[in-house]
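Single-structure report; data block below.
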Amino acid sequence: MKDEQLYYFEKSPVFKAMMHFSLPMMIGTLLSVIYGILNIYFIGFLEDSHMISAISLTLPVFAILMGLGNLFGVGAGTYISRLLGAKDYSKSKFVSSFSIYGGIALGLIVILVTLPFSDQIAAILGARGETLALTSNYLKVMFLSAPFVILFFILEQFARAIGAPMISMIGMLASVGLNIILDPILIFGFDLNVVGAALGTAISNVAAALFFIIYFMKNSDVVSVNIKLAKPNKEMLSEIFKIGIPAFLMSILMGFTGLVLNLFLAHYGNFAIASYGISFRLVQFPELIIMGLCEGVVPLIAYNFMANKGRMKDVIKAVIMSIGVIFVVCMIAVFTIGHHMVGLFTTDQAIVEMATFILKVTMASLLLNGIGFLFTGMLQATGQGRGATIMAILQGAIIIPVLFIMNALFGLTGVIWSLLIAESLCALAAMLIVYLLRDRLTVDTSELIEG
């Protein structure tokens, strides 16, 4: 490993190390918002609602591909960080090689089992009429690019795992930048419409994956792309998948709960959907910053879980304090200028009032949401597979019964408050799991929870 990477893992001031690992991840998570709207933005110029619907309907498929990337990326990435903390550099080469080629194989399987059934999958996603063929065509490109999409997510995680978060950010920036260039060329220049949008995203993922591969081949002595080293054993598979499977489940369940919430809101009409949509876009930015903060320090926690548990404790304290500061600043902003913030999106006073109310409730859950993110990341980093699995399931399962109960008792207001209640229960569950696992973590987590 490079001396600079070891410095941030082992010796730099805790806050400096936290920002070194987290800042690129924060920027990356914010870029993901841009990434998600690029295709719709360019397709919007064609003024064809069927094309916009086709792209929107494919989002669950992208979430699944991202989840498959996390299966190897998060699972192997946290394991690699722990191996580096234990100075077991040779084993990390075997882990990385197996995960890279395992991810590619998984992508090829996706092509085989989905490509022949793209029309049927489009129909399952809700495509009808003119939208069906457009959605199917978009899906075909997505399925064909699956190996590279999965590989991109794996390699991006590996860059952070070895202490090179800036490389991770550069890869994401390159992918988004190339997509911005390619989309208008393919959509308008070659008149490919939704297929052009899909190709722009696919080519961007291929380019980013190749960037990471070239970087690791030239600069890393702990991540290997040598297929001869892709030899798994029982211990390796256990360490990868006990964390990778919960990460995969979390990606899938988060998308599912979002779908369920939309169904509840749809019951109250466009007024409710529009109000929530505005508040969601406003709360999304601080939420993504906190998510980037918590995910960014996962390699730092994993490394010091093996190398220096006192430093690991200091990192967790620093993250909790940072989450608290972000929460206080956001709450002050919402309760002082929240009405004006919502007014930037609409002049409809009824929607402004409802969206402002929703914004206050959802922003109030930011602290608890952050604690949940941090402790889930901590369980992943330290290899606590059972705890991570329980948290992944709870984050998807808790909100559904809460939504049904609150909707039955209080209607739309209950649906809105269910978000805060569910986040509170998830945060309490995370604290309880970490407390119960305190002996395995060998760090005084009870002090963190009480303090």
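Cβ from N, Cα, C; glycine included.
Swiss-Prot lists 26-46 (among others) with the feature transmembrane segment.
Among the features that Swiss-Prot reports, transmembrane segment is placed at 54-74 (among others). Only residues 6 or more beyond the boundaries of the transmembrane segment (54-74), in the same chain, are considered here, and those with a CB under 8 A from a CB of the stretch are 36, 39-40, 43, 99-100, 102-103, 106-107, 110, 121-122, 125-127, 131, 134-135, 137-139, 142, 146, 149-158, 194, 197, 240-241, 243-245, 247-252, 254-255, 259, 380.
Here Swiss-Prot flags 97-117 (among others) as transmembrane segment, drawing on sequence analysis.
What Swiss-Prot lists as transmembrane segment is 139-159 (among others).
Under the heading transmembrane segment, Swiss-Prot lists 170-190 (among others), citing sequence analysis as support.
Positions annotated as transmembrane segment by Swiss-Prot: 194-214 (among others). Among residues of the same chain six or more beyond the transmembrane segment (194-214), those with a C-beta under 8 A of the stretch's C-beta atoms are 38-39, 42-43, 51, 54-55, 134, 137-138, 140-142, 144-145, 148-149, 151-152, 155-156, 158-159, 167, 170-172, 174-176, 178-179, 182-183, 185-188, 225.
Per Swiss-Prot, the feature transmembrane segment maps to 245-265 (among others). When Cβ-Cβ distances below 8 Å are used as the criterion, the transmembrane segment (245-265) is approached by residues 59-60, 63-64, 66-68, 70-71, 73-75, 272-273, 276, 376, 380, 385, 388-389, 391-393, 395-397, 399-400, 403, 407, 412, 415, 419 of the same chain, each at least six residues removed from its ends.
Per Swiss-Prot, the feature transmembrane segment maps to 282-302 (among others). Listed as Cβ neighbours of the transmembrane segment (282-302) (distance under 8 Å, sequence separation of 6 or more from its ends, same chain) are residues 8-9, 17-18, 21-30, 32-33, 77-78, 81-82, 85, 160-163, 165, 312, 315-316, 319, 322-323, 326, 330, 341-342, 359, 362-363, 366, 369-370, 373-374, 376-378, 380-383.
Marked as transmembrane segment by Swiss-Prot: 318-338 (among others).
Summarising the annotation, Swiss-Prot assigns transmembrane segment to 355-375 (among others).
If you look up Swiss-Prot, you'll see 397-417 (among others) marked as transmembrane segment. With a threshold of 8 Å between CB atoms, the same-chain residues lying at least 6 positions outside the transmembrane segment (397-417) that come near it are 253, 257, 260-261, 264-265, 267-268, 272, 276, 357-358, 361-362, 425-426, 429.
As annotated by Swiss-Prot, transmembrane segment applies to 418-438 (among others), with the evidence given as sequence analysis.
Cβ atoms under 8 Å from those of the transmembrane segment (318-338) belong to residues 14-15, 18, 286, 289-290, 293-294, 297, 356, 359-360, 363-364, 366-367, 370-371, 374, 448 of the same chain, restricted to positions at least 6 beyond its ends.
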